[in-house]
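Per Swiss-Prot, transit peptide is recorded for 1-24, and the stated evidence type is experimental evidence. The topological domain 'Mitochondrial matrix' annotation in Swiss-Prot covers 25-35. For 36-59, the entry in Swiss-Prot reads transmembrane segment, with the evidence type similarity to another entry. The feature topological domain 'Mitochondrial intermembrane' is assigned by Swiss-Prot to 60-70.
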Amino acid sequence: MPRLPPILRLLQAPEKYTVIPKARISSKPAKSPTSAMDQAVGMSVIIAGFMVPAGWVLSHLESYKRSSAA
């Protein structure tokens, strides 16, 4: 097994010299600005997406307790 460390060094060599490309991040303003109505609709959909399932679970909490105890 004395040949294992040189083989491992050969496998690790390409890792040292890999070139990682820069991320292409642009900070330009939006091409079409978002209206207040679009923002309101988006926020209400996000809030409803979180609150409706949570409310459903909380309203059925007693039935969950009964079914797990049986």
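Backbone N, Cα and C define each Cβ position, glycine as well.
Residue counts of the topological domain 'Mitochondrial intermembrane' (60-70) by helix, strand and coil are 9 helix, 0 strand, 2 coil (DSSP-based). Note on the topological domain 'Mitochondrial matrix' (25-35): DSSP counts are 0 helix, 0 strand, 11 coil. Across the topological domain 'Mitochondrial matrix' (25-35), mean pLDDT in this model comes to 85.
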